[in-house]
Amino acid sequence: MTIIAISIMNVVIGIAILGVILRKKIMPNQKFQRIFILGVQGILIVLSGIMLIGCEGTDIINRISPYINMVTVYSNNVNINIGYSIDGISAIFIFLTIILILSCNLISIRVIKEKTEQKFQIMLLLTEILIINFFAATDLVQLYIVYEATLIPMVIMIGVWGSRTEKKIAAFQILIYTLIGSIFMLMSIGILYSTLGTTDYIMIREYIDVLPENVRKLIFIGFFIGFAVKIPIAPLHLWLLRAHVEAPTAGSVLLAGILLKLGGYGYIRYNIGLFPDLCEYYFPIIGGICLISILYTGIATLTQLDVKRIVAYSSISHMNVIVLGLFSGVLQGIEGGIILMIGHGVVSGGLFLCIGVIYDRCKTRIVYAYNNLVHVMPIMAILFFLLVLGNIAFPITSNFVGELLIFIGLIKKNIIIAFFSALSMIVTAIYSFWLYNRIFFVNEIIKREANEVISSKGQIVADMNALFLIEDVMKKKEERGIDDIGQPKEVKKEQLIYSDVNIFEFTSISLMVIMMIIIGMKPSVVEGFIAINCLELISK
């Protein structure tokens with residue numbers, strides 16, 4: 001049933017893409033097209049729910065195992081088997097992908113211009129079908145092709161719908177970084193095919209131990225570097241910062257919410273799944289690199305002014321904590337890493353949704369330009385606060401469960417690495433609450449600029465509310481001739497919108513908050529799908 005569901009998903013998304021392309025003939029009304037797209041996402045959610053039910057308590061290791069609840073269908077082409085297999089881990093990531101795409105559809109209704117909305121929806125659907133096929137792939141060549149193809153719609157989204165002047169540079173940078181990393185991944189696949197004569201994942205798992213130790217190490221390093229770019233691990237993280245700053249809201253949500261998880265999923269399948277002994281061997285090196293990344297990005301976050309860069313650095317820090325958990329080789333660490341990947345997907349995705357809404361209203365992302373928005377956007381203030389709690393791993397949130405399990409696993413593995421990685425929680429709490437306070441409450445820098453404005457107007461204003469401050473502080477920014485990243489920019493008064501979230505924005509952000517709380521309050525919802533897989537990873 002699970003493979004039938006994945007096949008139907010591909011057909012449904014294909015029909016949706018065709019429907020969007022032919023919308024002028026089939027759906028001349030823009031409203032009907034949006035209803036059609038949302039209906040497609042609803043069908044996909046139902047199908048992914050069926051997969052989740054069918055995959056609970058399954059693994060991908062042995063096709064004829066009584067624990068397997070799947071069917072694998074192959075078509076042979078040049079000795080490369082192309083097929084699909086779904087287990088608990090891949091099913092839950094597919095579900096996350098569909099939820100995030102739905103949120104992107106909802107958040108883009110207002111901000112994407114009508115004349116380009118058709119092309120934008122096609123890019124979202126292409127991203128969705130490629131990511132779903134990545135998580136369901138059983139062949140390494142199939143996986144590599146889909147892995148690379150996910151770049152195409154993302155590069156187009158950033159290059160065409162990006163919000164800044166350097167969007168084309170960002171699109172080129174993400175392309176170059178990922179392609180260079182993929183060379184190492186392709187090298188590992190080539191070695192596997194030349195030595196074992198197959199690229200089928202199940203067959204490789206069965207015979208991987210017969211390879212010489214040096215060959216196995218070379219394959220391991222190739223996969224590690226290839227997926228490290230996507231995580232990303234410092235110093236391979238530079239592409240992500242520019243990509244987030246330049247990307248449209250939906251692009252940032254997909255980058256943080258699911259595309260970074262391709263690297264984590266790759267580690268689970270092709271590093272930990274194939275070489276658990278080498279994970280143990282290289283853990284001190286991997287742990288040291290991740291610790292440097294965690295501490296560096298945490299401290300760097302405190303120096304940022306662009307709110308997107310703040311969340312981007314936070315995202316890198318969390319992903320490196322995930323890598324520590326996955327490579328710990330301890331059951332709790334691996335389970336925590338997977339749960340935190342899901343939690344990070346909804347929390348960071350939700351934060352980027354919030355930032356996109358605020359940017360749509362205020363036309364700036366520089367943190368000092370915001371002040372007292374709680375009076376103008378009270379609902380947004382509540383949603384943002386809940387997501388901040390998730391970002392700092394507050395109890396009853398998904399990130400709390402994931403980080404707790406990771407640190408339990410790290411304590412069992414290496415107490416020193418566990419101690420220093422735990423410092424990231426303190427740093428995360430500092431910049432998360434600092435960011436929230438800067439956006440929604442009064443800060444001293446804005447007070448000084450506001451007082452200058454008040455003095456120049458000769459007015460006495462007791463309540464320096466957000467409506468007044470956004471307009472006049474932005475005028476002062478215009479006088480100084482700077483924008484979010486130090487480049488000339490003109491912000492017109494008529495561009496500013498003073499309103500809280502609309503129904504589409506509220507729904508998209510609420511989906512993230514609800515998933516975060518459900519996983520946090522009942523982690524067994526996720527553990528039921530991944531437990532057998534994690535046990536298998538540590539027992540190989």
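Glycine too: its Cβ is placed from the backbone N, Cα and C atoms.
Listed features, source Swiss-Prot:
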- 35-55: transmembrane segment (TRANSMEM)
- 89-109: transmembrane segment (TRANSMEM)
- 118-138: transmembrane segment (TRANSMEM)
- 140-160: transmembrane segment (TRANSMEM)
- 172-192: transmembrane segment (TRANSMEM)
- 218-238: transmembrane segment (TRANSMEM)
- 248-268: transmembrane segment (TRANSMEM)
- 282-302: transmembrane segment (TRANSMEM)
- 310-330: transmembrane segment (TRANSMEM)
- 376-396: transmembrane segment (TRANSMEM)
- 415-435: transmembrane segment (TRANSMEM)
- 501-521: transmembrane segment (TRANSMEM)
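Segment contact is absent for the transmembrane segment (248-268) and the transmembrane segment (282-302), given fewer than three CB pairs below 8 angstroms at sequence separation of 6 or more. Listed stretches 35-55, 89-109, 310-330, 415-435, 501-521 were compared with the transmembrane segment (118-138); the greatest number of C-beta pairs under 8 angstroms is found for 89-109. Using the rule of three or more Cβ pairs under 8 Å, pairs at least 6 apart in sequence, the transmembrane segment (282-302) is in contact with the transmembrane segment (415-435). Three or more CB pairs closer than 8 A are found between the transmembrane segment (501-521) and the transmembrane segment (89-109), so contact between the two stretches is assigned (pairs 6 or more residues apart). In this chain, the transmembrane segment (218-238) lies out of contact with the transmembrane segment (415-435); the count of Cβ pairs under 8 Å, excluding pairs fewer than 6 apart in sequence, is fewer than 3. Contacts between the transmembrane segment (140-160) and the transmembrane segment (89-109): absent, as fewer than 3 C-beta pairs lie under 8 angstroms at sequence separation of six or more.
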